[in-house]
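Here the structure is laid out as structure tokens; the discussion comes afterwards.
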């Protein structure tokens with residue numbers, strides 16, 4: 001059995017990243033895929049579940065994990081730590097399961113430095129106007145917060161050229177097909193097929 005592939009997925013807020021990842025998992029139940037769940041020291045919000053949205057841990061425990069080198073990447077945001085578990089990702093990949101890592105461009109850089117074989121996907125909105133419309137439609141943020149998100153989006157988008165693949169999420173179904181095409185193409189690469197079908201290949205090449 002071959003190893004799974006780590007997919008780094010980045011996008012500006014409102015581009016549809018989370019929806020595409022969720023749909024990919026939901027519509028392809030036979031694919032061996034999981035989403036990485038980050039650790040955080042912030043408090044649990046209403047509706048959140050430990051181990052589903054985040055692994056909620058105490059600051060002291062998080063800092064102990066940092067000391068032990070158990071995070072692929074971590075950052076402190078507004079006084080709270082957020083980090084990606086190295087152990088969980090490596091164990092999951094070793095089982096032949098692909099892992100999606102939803103992360104920003106800065107975290108993506110850290111991950112690529114440590115796991116250069118990871119594949120990266122950047123999801124773009126079709127226009128700034130459409131991105132702003134989607135943020136407004138969600139009804140979650142004030143005008144000031146939306147303006148801040150739009151400014152952050154420009155910074156995030158400027159790093160699209162650091163990624164292996166780019167998906168334009170203009171039509172959701174088309175973007176989802178593009179997403180699946182990337183996963184399929186990666187699974188059909190020679191090294192993946194050789195690991196998956198080693199027995200068959202040995203038989204085909206036997207005298």
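Cβ from N, Cα, C; glycine included.
Remember, predicted model here, so these are calculated numbers, not experimental data.
Straight from Swiss-Prot, the features:
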- 4-184: domain 'Guanylate kinase-like' (DOMAIN)
- 11, 12, 13, 14, 15, 16, 17, 18: ATP binding site (BINDING)
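Around the Cβ of residue 14 (ATP binding site), the number of neighbouring Cβ atoms within 10 Å comes to 22. Sequence-distant neighbours of residue 15 (ATP binding site) (same chain, six or more apart, CB under 8 Å from its CB) are 123, 124, 125, 131, 134, 153, 169, listed in sequence order.
Note: the ATP site is recorded as 11, 12, 13, 14, 15, 16, 17, 18; in the same chain, 123, 125, 169 also have Cβ atoms within 8 Å of that site's Cβ centroid. When Cβ neighbours within 10 Å are tallied across all protein chains shown, the highest count among the binding-site residues 12, 16 belongs to 12.
Sequence-distant neighbours of residue 18 (ATP binding site) (same chain, 6+ apart, CB under 8 A from its CB) are 102. Shown are the binding-site residues 11, 13; the one with the most C-beta atoms within 10 angstroms of its own C-beta is 11.
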